[in-house]
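*Asks:* Below are the structure tokens for one structure; questions will follow.
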Amino acid sequence: MDAALAMDDMAMRNRSRRNSTSVSLMEMFAASGRDVFQRIDEENDSEEDLRLAAIERLPTYDRLRKGILKRTLDDGRVVHQEVDVQNLGMHDKKLLLERILKVVEEDNERFLRRLRDRIDRVGIDIPKIEVRYQDLSIEGDAYAGSRALPTLFNATINVIESFLQKIRVFPSKKRVIKILYDVNGIIKPSRMTLLLGPPGSGRTTFLKALAGALDKDLRVEGKITYCGHEMSEIIPQRTCAYISQHDLHHGEMTVRETFDFAVRALGVGTRYKLLTELSRRETDAGIKPDPEIDAFMKATAIAGQGSSLVTDYVLKILGLELCADIVVGNEMMRGISGGQKKRVTTGEMLVGPAKVFFMDEISTGLDSSTTFQIVKYMRQMVHIMDVTMIISLLQPAPETFELFDDIILLSEGQIVYHGPRDNVIDFFECVGFKCPERKGVADFLQEVTSLKDQEQYWFRKNEPYQYISVTEFADLFRNFHVGHKLYDELSVPYDKSRTHPAALETKNYGISNMELFKACLSREWLLMKRNSLLYIFKTFQITIMSIIAFTVFFRSKMKSGTVGNGGKFYGALFFSLLNVMFNGTAELALTMFRLPVFFKQRDSLFFPAWAFALPIWLMRMPLSFMESFIWVILTYYTIGFAPAASRVFRQFLAFFSLHQMALSLFRLMVALGRIEVVATTLVTFTLLVVFVLGGFIVAKDDLEPWMKWGYYMSPMSYGQNAIAINEFLDKRWSSPINDSRFREHTVGKLLLKSRGMYVDDYMYWICIIALLGFSVLFNVCFVIALTYLNPIRGSKSIILDEEDNNIKTKGQSNPFGEAAAYQASASTPPTSEVRHSEQSSSVEQNAVKMKGMVLPFQPLSLAFNHINYYVDMPAEMQKQGIQERRLQLLRDVSGSFRPGVLTALVGVSGAGKTTLMDVLAGRKTGGYIEGYISISGFPKNQSTFARISGYCEQNDIHSPHVTVYESLIYSSWLRLSPDVNKQKRKMFIEEVIELVELNPLINSLVGLPGVDGLSTEQRKRLTIAVELVANPSIIFMDEPTSGLDARAAAIVMRTVRNTVDTGRTVVCTIHQPSIDIFEAFDEVVD
């Protein structure tokens, strides 16, 4: 027993010893492991500290260009590498952004706070700007009624009247139109403001006024100040950024290239000075900066970079990474989608150093989720970086509306409310109007001031409803506590001493003249490469023409040395001169395409006119060299011109100088004309004069004495003299003339004198100098024209329907930039909105419900099964390492659309909604389509399907110089069957006009979008009507409500609903639908 106990005791002691030994070993290994990892971390930290210390010892210039990036090697080790932030490669930029913004939705706010914390830690203040507007009124002049139509008679009368008005002989017949009425308010930093208003309220004019971007022919009263400083004391275009609702970009450039140019041209603002001071204070305080934030700030503070990290950051937060290397596109080139293009317009200004942003309708074409994300990023930027921002939105979703701090409600040119978002509902409830539970607050605010929509929101049932006008709302707001506080703040002037020294810009441009030139030169070279097909074609063209020339004037038939043969050589020289000069006419179209983007960037102070014009001039010189060289090489000896080598060079020099002069002349004509019709007319007239007075068609001696000055002013005369002198003063034309009737002693001089040409050899060089002088003169005039002339904005007129002598104002686009702002009457502003509403909007119960029309049609259904659509993989994506040969845009999509059923295609931007509609409609001419499409059970045949279908594009493209009725007549004549007689066609058009509610506008001019004519909403309805007059059975509509506010979208959707009620099959893609619009659809495809 004792032995057993002893054995148990010994076993327990052994187990205890083993356990203690195991524990000791485990602790030892654990401790060893901790020491190892701690040692690794300490080594990494020490490596980082050593590198930071090494950077801190560098001179300031070098220190601000060095950063530290963490890299993870293949074996898992983390190393710290010193990099030159000025020359970061694509991989380094991607690595840095992934560390900073791995998940944009979650990390952007954290990143901005890290950025702000670094600045606050050393006590540096970020510049803040407060914008005030006091008693701001804006008005303009416009023709009304029949005088507004751009007929030849009206144009002539208007020119005469304008001249008589300037010399104060005749009063103007234009009406004075008030756009804004004594508006007051304060836009504060760190608070994001939403601008709302119905059509014609003056939103765009208001934003342009605050940004200093108004047209010069508008009259402005009142005061706008930035931190107490008048507009004249600062450069507002550099202090703020106005983001237009119109997307104007070079279609040949990619999204990344567009942003990179904007970064390069706008400069870095105060970033470099801020970083210098920040680095100095951190060094003095012994603070070690965050390496990632330090590298980001240094990379974004260096000006003049070809590719900037700012571009990659903005691409990431705007969701444009996938299309960063895809061309923007235009009417003739497929590029990114409309929603992506809208984000490019926003990003182009965000990459700049502006501290104030005025954004006009930045959500057009975007789905609700994308708009929410973008506005959320803007909110983070405003709150953390103390930015001042106003955003105008058309149909903000409730969750987007909640992101804003302040609301400005503008109606009929008056401020109805300006204050915190939380108090806006309280204000209208105090007045007697309440927002329904299922109604979006933004939609409620835009409708509550309208006569047609106001009554439904009246909630004081115990009191009789009475219409409250906009003027009354504005007066009530003054007495509301928010209005009291606002006007109390305005009564106290802003203390200018509080203004940060770096807040306001006083220089015109953000970078030096040399950097501006380099930036524009690199962009011009890029655009030339993207248009290389044009230059290849021009080379091919002049080659073919030179072959034709030497075939016609072949040397075997061109004998020299006699007066009789001289005429043939004159003809060959003149034909050569014509071809070289006319081969430059492509410059006309190229320059015309560039002007809209140029005017936008010039007005935003990206660059001056000379920086735009000089690179074009320089980059065209190799083109002139090449075309002149090809012509001379192929024609000179084959035609049989003077064989001396020096004569070949001299003719080449003459043609080079002539071609340069022609290109400069064409560019000048475009700058003077500014629109295609005017520029083409100017060029035609100028060429006619130049050729007639050039010395070949009519000899100088045959000109009337009073016209001979034109000979010396014509560039063609110097070109003709140069090439003629070069040929006829050669020794082979030196045969003597023995006829005493002629003073000239040689055949060559006689031939020259017979056409009034110079007979001295030195005149060749004078003519060359004259041609080059004309080239310089035309380019200088080109720069002057671009500097001082503004784009032609249209007729600056409003169209009124004057039936029964009862003038009703038509909603239309304001020629001064505000949609429908010219609707208002000068004397009774509230009534004008009533009249507009009576025309463009009718109550729902009066909507036309038509089940049959004059022309019958066959209701048809459309079914599609397992649709797949592929395109060839873009070269840019293949360069990034993607191996697939084809990119799939649609994947196994099936569904059907039925007659009398309104179907909505919904999805985020880039989901493939428009692509699916294009495939079903047969509009995709490229790519690879798989699947089965049937029409009422029969296989789809595109040749017949095009006759029974209509397609309303997102972009409303119409002939601007015809009326609404003329547009429909033209479409019906082209698309209806010849069997339909004139009377029935007219009746059908009238039914369509009634269906889409265009009756009050039938005699109105269509006009240009954003310039004059119809408003966006009316233009949408016209697009639908143009397709309806073709009497289709199936209609596709691409985003019919994009670019419209809630009220205008409701009008368009009522039109769509009326179309469906006729029994047609209608399919719409849609973005940001409100509850009312969404419920108008019968079926949804997501």
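Positions of Cβ are set from backbone N, Cα and C atoms, glycine also.
Keep in mind that TrEMBL annotations are predicted by a computer and have not been checked by a curator.
Owing to the predicted nature of the structure, the values given are computational and were not obtained by experimental measurement.
Below, the features straight out of TrEMBL:
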{"type": "DOMAIN", "residues": "164-437", "note": "domain 'ABC transporter'"}
{"type": "DOMAIN", "residues": "862-1085", "note": "domain 'ABC transporter'"}
{"type": "TRANSMEM", "residues": "533-554", "note": "transmembrane segment"}
{"type": "TRANSMEM", "residues": "569-593", "note": "transmembrane segment"}
{"type": "TRANSMEM", "residues": "605-623", "note": "transmembrane segment"}
{"type": "TRANSMEM", "residues": "629-645", "note": "transmembrane segment"}
{"type": "TRANSMEM", "residues": "678-699", "note": "transmembrane segment"}
{"type": "TRANSMEM", "residues": "762-789", "note": "transmembrane segment"}
*Asks:* Six or more residues out from either end of the transmembrane segment (678-699), which same-chain residues have a Cβ under 8 Å from its Cβ atoms?
*Replies:* 570, 574, 585, 588, 592, 665-666, 669-670, 672, 707, 710-711, 713-717, 719-721, 754-757, 792
*Asks:* Given a Cβ distance threshold of under 8 angstroms, which distant residues of the chain, six or more beyond its ends, lie next to the transmembrane segment (605-623)?
*Replies:* 235, 237-238, 262, 265-266, 508-509, 513, 516-517, 519-521, 523-525, 528, 535, 538, 587, 591, 598, 660, 663-664, 667, 779, 782-784, 786-787
*Asks:* Other than its close neighbours in sequence, what residues sit by the transmembrane segment (629-645), given a CB gap under 8 Å and a spacing of at least six beyond its ends?
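*Replies:* Same-chain contacts beyond the flanks: 539, 542-543, 546-547, 549-550, 553-555, 558, 560, 569, 572, 576, 579-580, 651-652, 655, 726-727, 730, 732-733.
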*Asks:* State the mean pLDDT for the domain 'ABC transporter' (164-437).
*Replies:* 90
